[in-house]
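Enquirer: According to TrEMBL, the feature transmembrane segment maps to 16-34, 40-61, 82-100, 120-145, 157-182, 188-206, 213-234. Here TrEMBL flags 36-263 as domain 'NADH:quinone oxidoreductase/Mrp antiporter transmembrane'.
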Amino acid sequence: LVLIYSDNYMVHDQGYLRFFAYMSFFSTSMLGLVTSSNLIQIYIFWELVGVCSYLLIGFWFTRPLAANACQKAFVTNRVGDFGLLLGILGFYWITGSFEFRDLFKIFTNLILNNEVNSPFVTLCAALLFAGAVAKSAQFPLHVWLADAMEGPTPISALIHAATMVAAGIFIVARLLPLFIVIPYIMNFISLIGIITVLLGATLALAQKDIKKGLAYSTMSQLGYMMLALGMGSYRSALFHLITHAYSKALLFLGSGSVIHSMETVVGYSPDKSQNMVL
């Protein structure tokens, strides 16, 4: 849907071919992530998704705002990725396996037999969760989300509705059998979700720029998904994720049409043109 919309949206842009090369690379990385069967594969595709987002957000790199936005997104995500890597290594040290099936089985047995150091396990789980926090723009690593609107609208629709922010929710859902047996981590996931819901909704109300308003709305909805995961209800979280992806992608694509149509009336100024006030 986004690629069909992009064809007409980007037809006059000098970077037309570059745009579709980045988009294809991004989609491939995301598909690789969701089909991963072990932590190593997940981490490789996770990093590729991060690199693609850097290229896409900074697509119009000649604009200072876009250049700063892609650097901010890249650096913020590296913080989460470092935590994810440490968490993966920690769980490998505990269980000796990267494969999900073996990992869950070995870890559950260790917990039931009380053969693991509880604070160390909780720390490793929190580090794994840090990767998801950065990718899914949860508090406190949400700072990159609004600035990432500097890319073309189809990129905003893809990154902020269906793919990149969904990666964090996906990895928490995928590792839920791991988190669910650790005492405090589910409460922590729920707490982060609640804070993000309230913060995202409040910030969305204060925005004048239509795309930034939608970005903070996305952040709030991701908080609901994280809260559902923290309560152990991964089916409802994934259902919300799928329905939200469709609706928010269409809203972003619609906002692109609004921005284009209003440009001739009041020019492109985020403080004025996107308010649709004639």
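Positions of Cβ are set from backbone N, Cα and C atoms, glycine also.
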Enquirer: The transmembrane segment (213-234): which same-chain residues, six or more beyond its ends, come within Cβ distance under 8 Å?
Expert: 132, 136-139, 142, 145-146, 148-149, 156, 160-161, 165, 168-169, 172-173, 176, 180, 186-201, 203-204, 207, 240-241, 244, 248, 251-252, 255
Enquirer: Which sequence-distant residues neighbour the transmembrane segment (188-206)? Criterion: at least 6 residues beyond either end, Cβ under 8 Å.
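Expert: That would be 126, 129, 133, 137-139, 142, 146, 172, 179, 213-214, 216-231.
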Enquirer: Which stretch, 16-34, 82-100, 157-182, tops the Cβ pairs under 8 Å count with the transmembrane segment (40-61)?
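Expert: Most Cβ pairs under 8 Å with the transmembrane segment (40-61) come from 16-34.
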